[in-house]
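S.K.: Swiss-Prot lists Gly110, Gln111, Thr112, Gly113, Ser114, Gly115, Lys116, Thr117 with the feature ATP binding site. The feature coiled coil is assigned by Swiss-Prot to 369-1383, with sequence analysis given as support. Taken from Swiss-Prot, the feature domain 'Kinesin motor' applies to 26-364. Among the features that Swiss-Prot reports, region 'Necessary for its targeting to microtubule minus ends' is placed at 1138-1387.
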Amino acid sequence: MPPGTKGDPSNVTQPLPCLPSAEEDAIKVFVRIRPPVEGTLTGVDGEQGSCLTALSSTTIRLHSKPEPKMFTFDHVANVDTTQESVFSSVAKNIVESCMNGYNGTIFAYGQTGSGKTFTMLGPSESDNFTHNLRGVIPRSFEYLFFLINREKEKAGDGKSFLCKCSFIEIYNEQIFDLLDSASAGLFLREHIKKGVFVVGAVEQVVTSAAEAYQVLSMGWRNRRVASTSMNRESSRSHAVFTVTIESMEKTNDIVNIRSSQLNLVDLAGSERQKDTQTEGVRLKEAGSINRSLSCLGQVITALVDVANGRQRHICYRDSKLTFLLRDSLGGNAKTFIIANVHPGSKCFGETLSTLQFAQRAKLIKNKAVVNEDTQGNVSQLQAEVKKLKEQLSQLLSGQMPGDISVARAPSVGDNMDYMNTFIEAMMLLERSDSEKKALLQKVIQLEDLCNKKEKFIQSNKMIVKFREDHIVRLEKAHREGQISLSNNEQDNFIAELKEEIRTLKEQVEHHPRVAKYALENHSLREENKRIGSLQSVKRAQEVSAQMMAELEKAFLEASVSEKDRQVAPMHSTPIQLDNSSLMSAARMRERMLQLESELATSKQEYEEFKELTKKKQVEQESELQSLMKSNQHLENILDAIKENKRHEVSQLNRMHAETIKNMTTPTKAYNLRSRLVPRLSLDGISNGLTDTPKSGDVMDDIINEPIPPEMSEQAYEAIAEELRIVQEQVTALQVKLDEEESKNIKLEQQVNKLELCSTQIQELFNSERSNWNKEQQAFIAQIKSLEKQQQDNKNQEDVLKSEVHDLRVVLQSADRELSAVKGEYSLFREKQEKELSQLSARHMAVQLQLDNFRLEHETLLEEKRSLQDAFDNLEEVMKFETDQLKQELSDSKHENETLRAELSNLLELLETEKERRQKLTSQLEEDKESKTKELLQVVDENMHLRKQCSELVTKCEHQVTELQRLEHSLTSSKEMIADLEKKNTADKEVVVDLMNQIQVHRTTIIHKTESIDLLTRELEDINSKYSIVLLAKEECKTVNEEQEKQIEELRESLERKQSADNIEKELLCDDLAHATEELGKLTEAFNKQETMLHACEKELVEKEQLISELTNKVKLMTDLEITKTEQEKIKPSHSNSNSPVVLAQTPRTPVGNPYESEFANLQNRNTNLAVLISELNEERTLKNEEIIKLKMQLCETENMHLEIQNLQGICKELKSQLENCKKGMKDGNEQKPSDMQDLKREIEKEVSERMEKGKATEHILKLQAELEETRNLLCAKDHSLNELNNEMERTRSLEAKAFTEKEQIRSVLEAKYEETEKLSQELDMLRKQVSFLAEENGKILGHQNPNQKIQYLVKLKKENDKLLEEAEKLRIENLFLKETKKCEHCD
């Protein structure tokens, strides 16, 4: 579409600023001024009269008379605004809010030809979706699907989107589907969830901006467009393009669904038949367009009145357009209106009405909400609801933990804040609902109380009236001396008494005290119901109900017996009627007394309830004490169980030691039986000196003989079997013990409860018995008082009977007078009713007339208001048109002067031509004979000149006629000037302002030409910068992708490492526990062996006496054997003492080596942070290893010193023991070799146990070191993970920053594209102007001289070459920009 048809944007480098509005959901207004068309640029001075100017980005001034009008909007775009700035100011925020679940609407409003379709769609070319001047709708598609793709990249498979498009038009108040060309008229329907929708409209699913473009172009081809005098392609219908966006997000089996609608509306423009010159079908279309737009204006006016607090009916259903856009205008949507205005003076009235419409629409406030629904697994949702209920109950009971936010991780803080706010909101809602219900109930009760008070007052008035009438009648009868009454009078009197009794009953029923008591009774009953739910109260109520039933039965029997005594034969006499009325009054009194007694009982019940609550409190306190006692008892039992377990463990250890001892004794017997021992006799003793070496060898063989493996396996199996049996017995006993203890605890609790219940029941029973005795005595006293009262009532009844008999006689006379007065009263009442009916009829008629007058007055006021607006508009238009006529008059004067100057010039030229002709003719006559050839040429030239002269003569004639016509028009204009001279004085200042503005515009044109050059240079710089930014962006993308991959790999490796570390940690803990158990066992075994060694020492002391006798005989043999045994013992002791050192210096394999290798691989992938982390981790691990090694060495040295000391002490003891044993061997005792062998074995066993203990300690130290290493590794991994998370956050912020910079650069590029388009258009227009001016100049000048013509042609050629060079530059720049744009789209 060319700029001249629907509006033309111009260049601006930056988008308009988005100002924050006071109300977030108020309708925002964007005003755009349409640029002038091409035809207006070829005026007299290159300018056209503009009726408005944009003062700033938010204010606009309309040049009206006598004073200009100022309008303020959210955004005001001048003539130079680009399509990109319009999109960034209007549609960008709306599209983002639609992504967040809000409904959004954008529609363009304005007169026909003001640029609505150009703003919404763009130019009418076929490639307008990729055109640089494309409108709001295509750009909205691009941005929407860009945001969708971005969200998908962020969320992955957890979030999905569905976009559906529909396209309809409203033509002549009928709805048609543009996506289905064969569809008939569609209908609007309303749904409780969807709102207003079109039945049967086609919805196409789209997945990209290109598909949305196809849907839009397919529907746009079906739209009704026609040509008018103001617009070559005028929209003849309202078009509504709707995009439905649905997003589904899954988190832990819960699905959050958000849905929103984006309505993009292109309204048809308002038209005037005088301006557009429409007729026939076009006129009908214009009428329906104007009607729907007027309905839109009425709806907006009504919404503004409602916002200001007035009660107005909003007529949405008067037009299909307003009904369809109901939510957008005053409901659940965020709305932006683009008001397009025409700056031309001819469109002043429509421009003014458009600005007033936009100003009213700006005052409307919508209430946009997020359209969100939650679905998912029922169990998950139920668990969430249960969790929320538990938290709510805890918060209500005051048991909610205060540090719940501290215990959570920092990432859960937002959820906890949300949960706390949600709980507070729920509590506030419940509290407000309960308060509201209580207040409503109180209001109802108070209204009932007021009604009852009114009825009570009315009944009192009636009673007073009856009594006054009765007194008057009695006084009259007393004065007249009437004693007897007729039957009619008696009947009337009885009827009046009955009426009085009825009013008394009503008074009793509607008495305010009774109502108050009823309210108190109601509240007490509710309290009683709550109390009655308790078991103790239920029991008490049952007992009281039984007692009450018995008392009521006794009272009824007593009352029946009284009635039987007092019943007399009934006769239908006036006295009996009187008796019945008196009885009814007595019954009412009894009822009153009964109500008062019920009130007293209810109060008494309330006191009893207080006592019961106190008892319940005492009961609970006693229960609490019993529970505390039971808790103390359980703690004592637990301590006893622990002590018992310790005792059992010690017993098991003893049993284990005994079993080991028993199992090891057969090995000794086996060793003793398996070897031949030389028999000792007297000969052997005598020959001992010679046989000692052989016996020593035998002893060595016996000692060095190994134990057979079968015996050790049997010993181990026996120990394991015994341990298993003991463990099974222990577990069974423990289970039984637990069961018995739990049973015992339950029984003790039951016993305590039963004791407490029995004591409380006994106390309650005693108190209730005393209460019932008191109540029984009170009832007996009440019965006695009632009997006395009954007797008094009988006496009073007798007196009243006599009085009634006397009064009846008086009443018979009074009834006659009453009947006469009633007749008079009935006549008076009939007259009064007739008058009242007449007055009411008159009142209704007057009221109807008043209503009609009010309606007429309102309609007249509305008509007056509309006429006033129309009058103001017409007045403004008339003033503006007069200004335009004055301007045209001045222009015509100027043109007239120019024409006169041209005419004088032409006359001078004509005279010069005549002189030239005369000169030429004279020269021809002189040179006639000599220059025949030249004569012929001159003749030709003369003929040519004659033709030119004839042409000039014709031109002069035409100019003379035109001059006459202009003189005639001048005379008519002079007459008009005479009429307008008075007004001209007032408008001179405005003309001066306009001239100044023209001068300013001329200067701005010069500055703009200079700025165009600067902008072209800046464009080149920006292009170069943009290419650099694109390269940097690509590098950033690659770096981000690599970092994301590295982060994912690091996460996976960390998870693997954490799982492996956890498994190893568990294994190490198990090993450590096993090692500690083995160490305990070894210490126990060592203690047992020490006890055995002490026992052996005692035996040795007993046998020292025998050994001392044989010392003298075996001195030589003992010396030799001592030396041998010392050498043999020193060797194993040295080997034993050196073995821990060797073991301690064995190489250690750390657990963290595979993790360090993996971490090294991760460090190679990471760039900067990983190097630092690896260095720190290496230093830390080295230091930890050094510390652990030093600790191990210290422990080993200490252990070695201790073991050496122990071994030295043991060696000394063993040496002494061996010396003693060898001395005792001389006696020939058979037990000595076996004892020595046992001692050696015990020593070897003790040494091996010490070695195992050392190994176990070394193993424990190794495990501790490995644990420290794993802990350090975990700390390092946590630190690196935190750093990676920080790096992730930083990359995200950089990505967001890059996104915003990219959007800014894209908007700048779009503005540059539009600038190039505008520059090319202006270049074409300038070329046309140059050609036109060249033709006009050639015509005016006529090129008298060939040299002038040649110079002029050379000048034109140079200018043409310059223009061609500029055009070539601009074409190259345009191609470069298109290529960069294609590259950007490819990216």
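Indices start at 1 and increase along the chain as displayed.
Just so it is clear, glycine is given a Cβ too, placed from its N, Cα and C backbone atoms.
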S.K.: Could you tell me which three-state DSSP class Gly110 (ATP binding site) falls into?
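M.R.: It is in a strand.
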S.K.: For the coiled coil (369-1383), would you mind checking the mean pLDDT of the predicted model?
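M.R.: Averaged over the coiled coil (369-1383), per-residue pLDDT gives 68.
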S.K.: Within 10 Å of the Cβ of Gly115 (ATP binding site), how many other Cβ atoms are there?
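M.R.: Looking across every protein chain shown, the total is 27.
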S.K.: Per DSSP, to which secondary structure element type does Gly115 (ATP binding site) belong, with helix, strand and coil as the options?
M.R.: coil
S.K.: At a 10 Å cut-off from the C-beta of Gly113 (ATP binding site), count the other C-beta atoms across all protein chains.
M.R.: 29
